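Let me begin by presenting the structure, written as structure tokens, before commenting on it.
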Amino acid sequence: MFSSNHPQCFSKIAAALILFLPFLSVLSFDTERELPAHTVPAELEGVGLEEKLGNHIDTNLSFVDEQGKQVRIGDYLKEGKPLLLTLVYYRCPTLCSLYLNEISASLKELNLEVGKEFNYVAVSFDPKEKPDLAKAKKEVYVKDYGRGDGSGWSFLTGYDPEIKALASSLGFTYKWNPYNDQWVHVSVAYVITPDGQISRYLKGIPMDERTLRLSLVEAGNGKIGDLTDSVALFCFQFDPSKNRYTLYAFNIMRIGGFLTVVILTAFLFRFWKKQNSSSTV
């Protein structure tokens, strides 16, 4: 007899399989060859991510939004709002759709609202994709999100030079696989500060809601979020090895020490006041 946890387990396994489909597909045409240990298949060479935390992206790079309007990346960094940015391609049959669905689910759980506290932008790295396809994608995810009027969402397309320039500044590398007519790439979300600096790389599926929220609050430099988020940022620190925020023991000890001093001071003051009152009687 299966327990109630099995469907959830199966769904996670299915998600993991889907995640690796693009990489499996590039190897499927030549299954007989043997690869030496630690050798990257030729089809995957030049595909990956080189983190460039602190690097500034070119905010003047020009793209086309889902309405066919010419826009700049800097247009989405106005009013001191941080930006959640992803590079995908809209016709991707597996990984991109799965990743966009995961981002949509995470955004729905946030107590921060797209368009109000931050903006979300997806950029297609396929120069053949056009605004009509971007518009269709935006409509799907804005409807699924169910909050706001969609003004904080943008799905962009562009020309190859601008796409490559943006990808290079982010450390994102990808390539076309002619054997299955698909792009081979990784899926990562980038958190960008209002001045165009790369603040955080968010990798993997599923996306941790707390990590996403704190990354945006941190990138917003205190202009978004509330007191609870500020306290959380003091108590938690991003751990790149785990791709999420974890408790920062040193700051927890500092808080404990501060509270100890406050309590001890209050106790001594009360004791002194009581002693002083007794001596004046």
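Placement of Cβ uses the backbone N, Cα and C atoms for every residue, glycine included.
Of the cysteines listed (CYS9, CYS96), TrEMBL assigns CYS96 as the disulfide partner of CYS92.
The binding-site residues examined here are CYS92, CYS96, HIS185; by Cβ neighbour count within 10 Å, the least packed of them is CYS92. Reduced to three states, the DSSP call for CYS96 (Cu cation binding site) is helix.
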